[in-house]
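This report refers to the structure that appears directly beneath it.
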Amino acid sequence: MKSQIKTTFSNFFFEYETPRQVLVKNKRVAVVCRIIQMGVLAYIIGWVFMYEKGYQVVDTAIGSIFTKMKGVSFTNISKKERIWDVADYVFPEQGDSSFVVMTNYIVTVGQKQGKCAELPDGKNKCNSDADCDEGKYKRMGNGHMTGRCMNETSTCEIYSWCPVEDDRKIPDPPVLLTAENYTLFIKNSITFRQFNVVRSNLVESVNQSYINTCLYHPKTDPLCPIFRLGDIVERSGLNFSEIARVGGAIGVLIDWDCNLDLSIRHCKPKYEFYGLYGTGKNGDKEEKPSLGYNFRYAKYYVEDAVEKRTLMKVFGVRIDIIVHGRAGKFDIIPTLTAIGSGVGIFGVATVVCDMLLLYLVPKRDFYKNMKFKHTQILEEE
């Protein structure tokens, strides 16, 4: 018993087993095997290593955005001249990555709290006081109803900021159509923590003298961080005159795709522009509901001891700046993993060729006898 156990352990530790191989001279099967192997090799080299860079460890970026608008517009409405600068048309003013540039507006001057008739826009009609529930508020209304139906307008009397805003007619052409000539400066910094790399879109070739004169163009000035608002809208696939009238949203993507096996100077940003939503008219037979983008804000003041406000319904271009960063660098672990998975895929050729030999070729029975060795254990009497 002891010698049997010793022999078993000796065979386990000091003997090597190798699978039996059969050399098959069959041109068709050999060609199929080589085609599959070449395909697998092309996939490993071309896709895994060259395109996907499977030999690299990858890190994503943490980014920050600073923005600054510049530009001036002049308006002369009802013989009232006014200059609009960045403090007037950018919301919010902190230079965030998401902001709105006003291009059109509807203004209601001198509003004060009190009682007045609801706007006769067809949404809040009344025929008698019974149609105006006192103390109630209609979803499409502008204030709390007092219970009276105003005969002059056939609308309910409300307690609200009076006079009520009339936004039924949007100015056309837009009041600030010259906004297309505004310029946007974007300063972006990213960090790849895993590689301890910090980069800015103000790369080595972008100095102060270049910034003072450049304007972004995808071919001639792809690294210039200054963008014309009209160009941003047009490159996103939208029409500036229409989006300036009713508003819309633009996405600016700053894409960093860095190969840190090369010099850090090759790590540069690429800018892309997308129309997130606009007028909804392009290619559509019917207009979509709730077109454009708008919001309201008010400037409050006191006149003769009465609180008043100037209400503005703002239409504008909402810009959302998005940063996407990815960096890769050589590492032995993903390299060995990619090689190992590639070697495993080579086994596909063996499986396919075995199926051809054992089940499809005319001499499949002969190949079965060559590949498998059958033994029969005689029962002990």
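The backbone N, Cα and C atoms fix where each Cβ goes, and this holds for glycine too.
Annotations in TrEMBL come from automatic prediction, not curation.
Annotated ATP binding site per TrEMBL: Lys68, Met69, Lys70, Thr183, Asn294, Phe295, Arg296, Lys313, in sequence order.
For Cys116-Cys162 (among others), the entry in TrEMBL reads disulfide bond. Around Cys116 (disulfide bond), a 10 Å sphere centred on its CB holds 21 further CB atoms from the protein chains shown.
With a 10 A radius on its CB, Cys126 (disulfide bond) counts 19 other CB atoms from all the protein chains. Look at TrEMBL and you will find Cys126-Cys149 (among others) tagged as disulfide bond.
The disulfide bond feature in TrEMBL is assigned to Cys132-Cys156 (among others).
The disulfide bond annotation in TrEMBL covers Cys214-Cys224 (among others). Its Cβ taken as reference, Cys214 (disulfide bond) is surrounded by 15 other Cβ atoms within 10 Å in the chains shown.
Sequence-distant contacts (6 or more apart, same chain, Cβ under 8 Å) of Cys267 (disulfide bond) comprise Val197, Arg199, Trp256, Cys258, Asn259, Leu260, Ala327. The disulfide bond feature in TrEMBL is assigned to Cys258-Cys267 (among others).
Cβ environment of Asn181 (N-linked glycosylation site): Gly71, Arg228, Leu229, Gly230 lie under 8 Å away, each six or more residues apart in the same chain. Feature annotation from TrEMBL assigns N-linked glycosylation site to Asn181.
Sequence annotations record features per position, and here TrEMBL assigns transmembrane segment to 29-50 (among others). Taking Cβ pairs closer than 8 Å, the transmembrane segment (29-50) reaches residues 338-339, 341-342, 345-346, 348-350, 352-353, 356-357, 361 in its own chain, all 6 or more past its ends.
Feature annotation from TrEMBL assigns transmembrane segment to 339-361 (among others).
In the shown protein chains, 17 other C-beta atoms lie within 10 A of the C-beta of Lys313 (ATP binding site).
The Cβ of Cys224 (disulfide bond) lies under 8 Å from the Cβ of Val206, Tyr210, Ile211, Cys214, Leu215, Tyr216, His217, each of these being in the same chain and 6 or more residues away along the sequence. Reported as a whole number, the C-alpha separation between Lys68 (ATP binding site) and Cys132 (disulfide bond) equals 49 Å. Among the disulfide-bonded residues listed here, namely Cys116, Cys126, Cys149, Cys116 has its C-alpha nearest to that of Thr183 (ATP binding site). When the C-alpha distances from Cys132 (disulfide bond) to the binding-site residues Met69, Lys70, Arg296 are tabulated, the minimum falls on Arg296.
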